[in-house]
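Down below is the structure, laid out as structure tokens.
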């Protein structure tokens, strides 16, 4: 039966231990114990193992032990994770008389941040013997004292606690006194002598006794004091207090001289034996004597020094009252003073283990810091709550009593707020409450979350051609909202190919400054638009970037001189020979000088001047300012030299202007010499010279050949129109169009082909928009002859469609004016310049005054008009004012619109080509008689067809 009960007891004990261990793990605390005075290196516990930490990670995770006041008493060996005694532990010095004594440790590890709480109980050993405050106590006892009279003695004190401080007293054997033990509230004991036999001073005037105190430790320690009892003569009544124990409650922090209590004692004797004096007992320690004092006459106890609840909350004061009898008699009482707590201590805030700086992409819930708070007050005055600065992306989370974690509550953005100054406020529960604050500076570390940004996504730059190599043409700049290396922006070209060359052969960009340089001279005639992208990348990992589109327009400069074109009468740049009848009238066209300029705009606008070969010579010829046509100014006579050498100066309108000189040799012949001269002259003889005595068979042969040629051209045109055009990326485009309308034929020819390639998408052909009111027209090849559609449409003029508009690409750069010969007028209106078109043909005799014709070198004749680049739309021409031709800027294409009479002839020699020779055919008609010839000259006009 006993064995079974023993087993049940062991099981209960084990179950209790398991529950206690589970509670400790759940609460996050470890408990160890160690005896005081243990030697250095004494084993306390395997703290790393008990906390579930690996030995290999103790150093990596910065394992450390912290204690507020006793940090050097215990230490942890990081090699084996054992907690050991580091220095001498004296329990009496550490905790005094407190029953419970422990050392509170905080174990902190990082990565992740964790805090563990460890309590090490310091156990007492019996290392202190009982001690009396004096070696001898004197007692004066009147002989008249009655039996069982009690006389308190000063007890011994033991610095140990528990069983080691439990004292037992023993009195040396005698016949008069016995020893009685009184237990106090704090479990202390003090001895009392009890009179068992009446004293007789005459028999024994004094007694010597020995009081011995023994503690409960093992081994036992003892202490003793001598008792000297003086037997006095009779003062029969001792003073008596109202009650033996007085209890007083008062608040701490009372000012000096504050009354604690007024004691009252009485003595039944008379006279001097009734007079009493109050005093502190010899049992009162000096600490209490410093804080309180007693008025020996009135018995008032007052505050003498600061009394603090946090130092001690109770005071036990022993008071004696002594009469003035002889011998004097003494009465005893005890005053218990209990202090009430006041809220006189502000909380304390300690911030430890900061994990700074915090990356702006840190996850919500990341622990930033640990915060501990404390308050020396008690009760509600010592209950502390923490709060944080409002409107911040952080919060406080309570992890343990008086411990908080500062964690991330919402996402951070360094570009919006780069640092936070947090204020942690700890407030107690007193009334009024007290508080304390602590500042926490949280710096937000940057991550690469912003790409470089340009102010605009696209820029347009205008650069003149023939720039020096390495010329700075533009500077790109991007801004990155990040910091440090994440904000370091570098620039580079987005490489691609332009035809057969790479983009980097044209331009480069400085990686740091963003300056864009032209690596070689740009040529407007070769490349009019250079479009590319510049990339900006930051220095982050991974890098972020963005692109900028840069459009570089190459502006034309006058770097090409006019070039003379070859004519049937002579080679290009050489002398041209022409035969002229002396019978021609004024205004007769003798020859035409053709020139071309590779530039564009005003730089390609050519004008012609006639220079005399001989100084002072009177020349009966003039040259059209813009047409290059050499005509007679008067009727020729016999005084004119039979051979005229004409020098024609061709110059453009650039700054400075460039020139070329053409030489025309004119031979004046009589009508009878014309056939002979024609056999020696070139094929450039004017078509107006009558062919006399031509064989009828020759005329039939010419007509047959001409008919065959016309049929061949028609068949060729039909085949070309039926073939589908093909276009390649960035390749040459052939915009072809021939239309016939009520006002004449519209022809489009292309000789000099240019293109603008952006590298993105297919190349765009020249755009031509026509009024839908015009009749449909067939398409022919650019290299073919002009075709016109006959019918009634050529006789019925129609109003141009007002919906015709310029393309947006044609309103970007340079512009030309409308040049009208004779009656040309340029008027400014609200919608832009108005063009008024002349009603005369190019065969109308020119006045003696200067001409206002457009530049022939630019591909515009006297009855043509040009587009204007500008923001406004030009005013539409009225009925009958449709222009003969127009130029599409940026392209060599010229659209010719000419109203031809039914009997008009097209002079193929008037076609002008840019960079390509076009075959010229002249049709000669035989006419009889000079009079008939003059009438035909006045009635017919030669129409110039312009080419590009």
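Using N, Cα and C of the backbone, Cβ positions are placed for all residues, glycine too.
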Annotated range (Swiss-Prot: transmembrane segment) out of 654-674, 675-695, 696-716, 717-737: 696-716
Record feature N-linked glycosylation site (Swiss-Prot), assigned residue among 256, 940: 256
Selected residue, Swiss-Prot feature N-linked glycosylation site, from candidates 547, 930: 547
Inter-residue C-alpha distance, residue 256 (N-linked glycosylation site) and residue 547 (N-linked glycosylation site) (nearest angstrom): 82
Fewest other Cβ within 10 angstroms of its own Cβ, chosen from the glycosylation sites 256, 264, 547: 256
Euclidean distance between Cα atoms of residue 264 (N-linked glycosylation site) and residue 547 (N-linked glycosylation site), Å: 100
